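K.L.:
I grabbed these lines from TrEMBL:
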type	residues	note
DOMAIN	A:97-312	domain 'ABC transmembrane type-1'
TRANSMEM	A:36-61	transmembrane segment
TRANSMEM	A:103-122	transmembrane segment
TRANSMEM	A:129-151	transmembrane segment
TRANSMEM	A:188-210	transmembrane segment
TRANSMEM	A:231-253	transmembrane segment
TRANSMEM	A:295-313	transmembrane segment
Amino acid sequence: MTTSPHTYADKAAEAAVRATPEPLARRVRALSDKAIAWLFIAPTIALLLAINIFPLFWAIYLSFTNYRANRPNAEVKNVGLGNYSRVLNDPDIWASMQTTAHFVFWTILLQTVIGFALAYLIDRKFRGHAFWTTLILIPMMLSPAVVGNFWRFLYEPQIGLFAYAVSFLTGIPTSEIQMLGSVSLAPWAIIIVDTWMWTPYVMLICLAGLRSIPDYIYEAAEVDRASNWRQFWSITVPMALPFIMLAVLFRGIENFKMFDMVNLLTGGGPGSTTEVASIALKRDAFEAWATGRSSAFAIVLFVAVFGLANIYVKALNRVKQR
Amino acid sequence: MLKQWIPLLGATAVCALMSVPQAAKAEQLTLCWAAWDPANALVELSKDFTAKTGIDMKFEFVPWTSYADRFLNELNSRGKLCDLIIGDSQWVGGAAENGHYVKLNDFFAKEGIKMDDFVPATVVGYSEWPKNTPNYWALPAMGDVVGWTYRKDWFQRPEIQKEFKAKYGWDLDAPKTYDQLKQIAEFFQKRQIDGKTVYGASIYTERGSEGITMGVTNVLYDWGFMYDNPKKPYDMQGYVNSPDAIKGLEFYKALYDCCTPPGASNVYMVESADAFKSGQVAMQMNFAFTWPGLYKDEKVGGDRIGFFPNPAEKYHYAQLGGQGISVVSYSDKRDAALQYIKWFAQPQVQAKWWQLGGYSCLKAVVDAPDFKTSQPYAPAFLESMAIVKDFWAEPSYAELLQAMQKRVHDYVVAGKGTAKEALDGLEKDWTEIFKEDGKI
């Protein structure tokens, strides 16, 4: 006689029911599906509340006070909108916002153009394309701390390979190629490193977009005798656009809060030339210990990123619906 | 039945009582400090303490760049990580007013530890708050001061000496004034020595923590910069931004522009020592704690290196470094921590501290007849310690420091604005901070 697996499962279930103490079984039976669902998501919600929502509300509360984390015994006073007014009228903070905008604009532009171009090339499926794809992806797999440190060495005017390469190509002495110490070059030094590191990420998303375009559309275009140029602008770009926009969104949010790379490469210098908003915020919060004011600054940044991201997502959805 | 239990209970009680001193012996203290050469010397020194008391020492050392962030966060959050802390000299005001450090007056009185036994500048700099009052929050632990090293072997080359004399009209030697220092730096800048291009001087330019402030103040003090009106505290107009102070700041920028190695826009202790060790520069500004290591260096140490205190100009000062050792008030092991301080204050321990590479602040050590000859850098250290001046040690020192870092770096390294604008701006920033503190 053979026993089917189904019978085994039934027997096991019956055994489990018998083994469950009656009071517990009664309680479990009494729970609705909704209650069980809540039971499963409750730990996640508790964690989210503890490490995301509560700190956010706490920061909002602090932003209306004169609280300083290095003066635990000082009286905490309500200052109303004073911190917000100070943040919004501080020329240094606006300068750091401009630096951030410059950084975000150029990194996104370069990463999108180069990333899409690379994806377009890789999508041709030439010989060895898998090897080249892997090679191109390596920079984004590295830790930003590692990247920041080794680029600092590469940029060294006396021993850095970057300076040697530029000197070889241009004839300018290596000692005059001061990427991190020069006011005009330091912002570009960071843009180059970020572009080197994150272009592969944009490429990957664009590649997914390009590979999602069905072949029959190109075949139909060829039947209609559309040129490659026409196919590119009328099929490839519009159909890959939602993916490109998604990549821009991800990189935009990431670069808006860029900290590690800038901190490692220039520390915000020379002077305040590369002091992006996150560096300015860190200095205000953990060096000047102006906790209330820096909370207001953080909220302003949060609202700016959240607001811009929302507008952008709406635009993205509109593009997707077309 | 009860009779059977009585011996067992008695034995348990005896064991419990006996285990009390055992527990004390097995105690462990955590000492927090920066990760640098003197910290390694302290680890070595503290083995004697463990051998004597049975108290184990654990060390929490953090690199200089994150030292203040890490430990001020620890103190502000009333953490119990550190039982003892060797905190920077500028922290003493905040740590005293916010209750982070244990006040040591009663302990010193009880144990017979006299502050008169220590170098006066270190007592004021590391222990007192308010300054110049007998309120002690730390025992002077590590004397330090900004000074200079130079390539004695280059300075002594006849062809270099001859060329220098012909150009500047005086014998090339360790500079006594900043004008001389600049002339030497200009002379060596981009000079070929042993087939290698070398540069004039390495000076502090670091932006992130305190670097450029610790460098520029050496020059500013000498030109006449003062933190405030000596007769009216916190009155800074005309003192911070006096015409002489402006000239001093202009000099520092001129020195940075003319005579530092390429890419020296973010230099602090480690980078400056590296520039010297790699044979890039003729002179190097750095804290005295780096000197023992540099003297031992195979390539640039020994007879090749010389030491000199900060040069003079109109006045003669040097930026104070160094730290005092304090007991953290949140520690559960206060008695054991105080025991460590008592042990550390002993003259024989202080003498060994100096031998191992730490800079003792005890007069008995530094005034000893053989001190000056004990190490080649000892005379420069002694001379420097006699002319020290420190940055603000106010509770709001971090904000005051940040303002100066920004204003000075913007002018010196980024070339933004003028020296007058930088110091006027600094005076404005500092006034605002003190107004917020309610001190003005």
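From the backbone N, Cα and C atoms, a Cβ is placed for every residue, glycine too.
Can you tell me where each of these features sits in the structure?
P.N.:
Within the chain carrying the transmembrane segment (A:188-210), a Cβ under 8 angstroms from the stretch's Cβ atoms is held by residues 103, 106-107, 110-112, 114-116, 118-120, 122-123, 133, 136-140, 142, 144, 147-148, 151, 155, 179-180, 236, 239-244, 246-247, 250-251, 254-255, 258, 261-262, 265-266, 274, all 6 or more beyond its ends.
Long-range contacts of the transmembrane segment (A:231-253) within the same chain: residues 104, 107-108, 111-112, 115-116, 120, 198, 201-202, 205-206, 208-210, 212-213, 217-218, 221-222, 305, 308-309, 312-313, 315-316, 319-320, 322, each at least 6 residues beyond the stretch ends and with a Cβ under 8 Å from a Cβ of the stretch.
Sequence-remote contacts of a segment are chain residues at least 6 beyond its ends whose Cβ falls under 8 Å from one of its Cβ atoms, and for the transmembrane segment (A:295-313) they are 56, 59-60, 62-64, 83-84, 86-88, 93, 245, 248-249, 252-253, 256-257, 277, 280-281, 284-285.
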K.L.:
By Cβ distance under 8 Å, which residues at least 6 away from the ends of the transmembrane segment (A:129-151) in the same chain are close to it?
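P.N.:
Answer is 118, 122, 162, 189, 193, 196-201, 203-204, 207, 260-261, 263-265.
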